[in-house]
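A.B. asks: Sending over a structure as structure tokens; questions will come in a sec.
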Ligand SMILES: C[C@H](N)C(=O)N[C@@H](CCC(=O)O)C(=O)O
Ligand SMILES: [Mg+2]
């Protein structure tokens, strides 16, 4: 099975409601979709959103990195040589993790198709059913409480509450949501780098003292501020998770050595794809550290790839934040992964099992 062509398209899907974090506000998912064709007639799919504020990637850079750098190296490659192709992708260009992730997942899709098995089985097997949280965007307190209650009505049992704005209002936001959902849902916070280390310790102590039980707090401080992350981890009971501070295996090893965080958030758009995501899961497993698998604001093609990884690495990936498709108004993709609000399941089809994508605009 040899690669004969790589084509690109754009897939845009409106959200149910605006997605608001400390870093940005977005109203739709906009993914670069990659289609890898082979001489056997098999097609592999991948996708990547442009999360400039986190990865530095924009649509133009993703498209150009794939078109001008990665594609020429991959044409003619035999899908059976998976590790060789992964090395070609990862060594083709510095950074550009979203572009690498999109191409790599399409290659993994084809590799699993070669052996006629769902991707998660090729990655090690597991039970093809996981449960995701839902993100509650940072907003007025009443709106966040209403959104949290509506998420519970939809069946979500874990809410990822976005904070990281004004520290005083953030404390009130979390107290109000906790009072409304206590006993009905678990709360995890994501400050998206919005606090200083001292603010984070102050806020978390206030919440802990008020009896607010949080599952974890994600990325309270700036991505580069590993000392700040460590300062918080050493001072609060709430487990601290590194998101923007950990991209690939190197950063994860550094965070573990420093004891700067309790949990790592793995995202394919930060790792540059599946191979590094698996390496991180294995490193964390070795050090008895738990992981979350998360997504950017992205649609169901790339999130499906993360679902396969989550199932295969469920021993160490114990927390799931794969709510991109649940935030969308509809899912234009038909695949073997079904996103039913909190419940995500994989049916028995080869690879990622993608059979149709409605509304895909092909790029010239
Ligand atoms: C969508 C997911 N729940 C999420 O919050 N992901 C990121 C933010 C990604 C983005 O801005 O696109 C996170 O910080 O965890
Ligand atoms: Mg985060």
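Cβ from N, Cα, C; glycine included.
Automatic prediction, not curation, is the source of TrEMBL annotations.
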A.B. asks: TrEMBL records 135, 160, 295, 297, 321, 323 as substrate-binding residues. Which of 7, 12, 24 is assigned to the same site?
C.D. replies: 24
A.B. asks: From the candidates 153, 166, 243, give the one listed by TrEMBL for the same Mg(2+) site as 190, 218.
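C.D. replies: My reading of TrEMBL gives 243 as the candidate in that site.
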A.B. asks: Need this for a regression test: recorded positions 162, 190, 218, 267, filtered to those with Cα within 10 Å of residue 295 (substrate binding site). What's left?
C.D. replies: 267
A.B. asks: With helix taken as DSSP H, G or I, strand as E or B and everything else coil, how many residues of the domain 'Mandelate racemase/muconate lactonizing enzyme C-terminal' (141-239) land in each class?
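C.D. replies: With helix first, then strand, then coil, the domain 'Mandelate racemase/muconate lactonizing enzyme C-terminal' (141-239) has 51 helix, 13 strand, 35 coil.
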A.B. asks: Near residue 135 (substrate binding site), which recorded positions out of 162, 190, 218, 243, 267 have their CA within 10 Å?
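C.D. replies: Near residue 135 (substrate binding site) by Cα: 162, 190.
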A.B. asks: Quiz question: given the binding-site residues 190, 218, which has the greatest number of C-beta atoms lying within 10 angstroms of its own C-beta?
C.D. replies: 218
A.B. asks: Among the binding-site residues listed here (295, 297), identify the one with the smallest other-Cβ count within 10 Å.
C.D. replies: 297
